[in-house]
Amino acid sequence: MSIQTRLPALKATGRRRGTAPRGEVRWTFLLIAVVLAILAVWEAVVRAGLVPEAFLPPPSKVLTAFLALLVEGEFWQAFAFSMGNVVIGLALAIVVGVVVGLAVGWSPVLRFTVAPFLWLLYSTPKVALAPVIILALGLGSESKIALTFLLAVFPILLNTMEGAVTVSPSLVRAARVFGVRGPALGWKVIFPATLPFSLAGIRRGAALGFTGEVLGEFLGGTGGLGHMLEQAAYQFEMDEALAMVVVMVIIANLTLSLIGLLQRKLAPWHDERTAAAS
C-alpha cells in the first residue's frame with residue numbers, strides 16, 4: 001500500500017523536475033531579451049544626443065573598451081592581484097566563520113555571551129573602517145585581504161551560527177546512542193546539518209568580500225581592478241571605466257554561480273526545500 005501511494009508522488013516529482021529546466025530556460029531567454037532591450041535603448045539615447053557621450057558612452061564603445069582590456073597585460077596583472085587577495089581573504093573568512101559559528105551556535109553559554117557582540121560588530125558599517133584599515137596596514141595586499149575578510153566573515157559566521165541553533169536535538173540524541181560524541185559529533189552531525197546555512201553565508205560573503213577588495217583598491221591601492229577603475233574615472237575615460245565595471249560584474253556573477261553550483265551539489269536537499277517553500 002505504501003508503495004502504491006508513493007508511486008504517484010514519485011511520478012509527480014519527476015514531472016516537476018522535468019519541467020524545471022524548461023522554466024529556467026524560458027526565464028533565461030526573458031532576461032537576455034530585457035538586457036538587450038535596455039542596451040538598445042541606451043545606444044539609441046546616446047546616439048541621438050540626449051545624453052552627452054563623454055559622460056555616458058554607448059554600449060558599443062564600452063564593448064570595444066572591454067575587448068581592448070582583455071589583451072592588455074596590465075589588466076591581467078591587476079586581475080591576478082585582486083583575485084589573489086580575494087581568495088586569501090575569503091578562505092580565512094570561511095575557516096573562521098564556520099568554526100566560530102559552529103561553536104557559538106552549538107554552545108548555549110557562547111550563544112548567550114558572545115552572539116550579541118557578533119551581531120553588534122555585524123551592524124557596524126565596515127566601509128567606514130576602510131580608511132582606518134588602510135592607514136594601519138598600508139597600501140599593499142594586507143589591507144585588501146583584511147577588508148575582504150572583514151566584509152565576508154560575518155555573513156558566514158552568523159549563517160553558520162543560526163544553522164547550528166536549528167539542528168534537531170533528536171538528531172543529536174540519535175547520534176549519541178550510536179556512540180558519536182565530542183568533536184566527532186560536531187564533524188559528523190552538526191557540521192553536515194549546518195552545511196546549507198554555511199554555503200548560503202559563503203555565497204553572500206563572497207559578494208561582500210569582493211566588494212571589500214575593490215573598495216580597498218579604490219580608496220588606497222597601487223594595483224588591482226579597483227585601482228584601474230579609479231585611474232580610468234580620474235582620467236575621464238568613461239568607456240574604460242564602464243568596461244571595468246562590466247568585468248567586475250562578470251567576476252562577481254561567475255563566483256556566485258560557482259558557489260551556487262557547489263551548494264546544489266553538496267546540499268541538494270536544502271535547494272529542494274527552498275524551491276518548495278517558494
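Residue numbering: from 1, along the chain as shown.
Including glycine, each Cβ sits where the backbone N, Cα and C put it.
What TrEMBL says about this one:
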- 79-260: domain 'ABC transmembrane type-1' (DOMAIN)
- 25-42: transmembrane segment (TRANSMEM)
- 62-79: transmembrane segment (TRANSMEM)
- 86-107: transmembrane segment (TRANSMEM)
- 119-138: transmembrane segment (TRANSMEM)
- 145-161: transmembrane segment (TRANSMEM)
- 241-262: transmembrane segment (TRANSMEM)
Recorded stretch, among 25-42, 62-79, 119-138, maximising Cβ pairs under 8 Å relative to the transmembrane segment (241-262): 62-79
Contact call for the transmembrane segment (145-161) and the transmembrane segment (25-42): at least 3 Cβ pairs under 8 Å, seq gap 6+: no
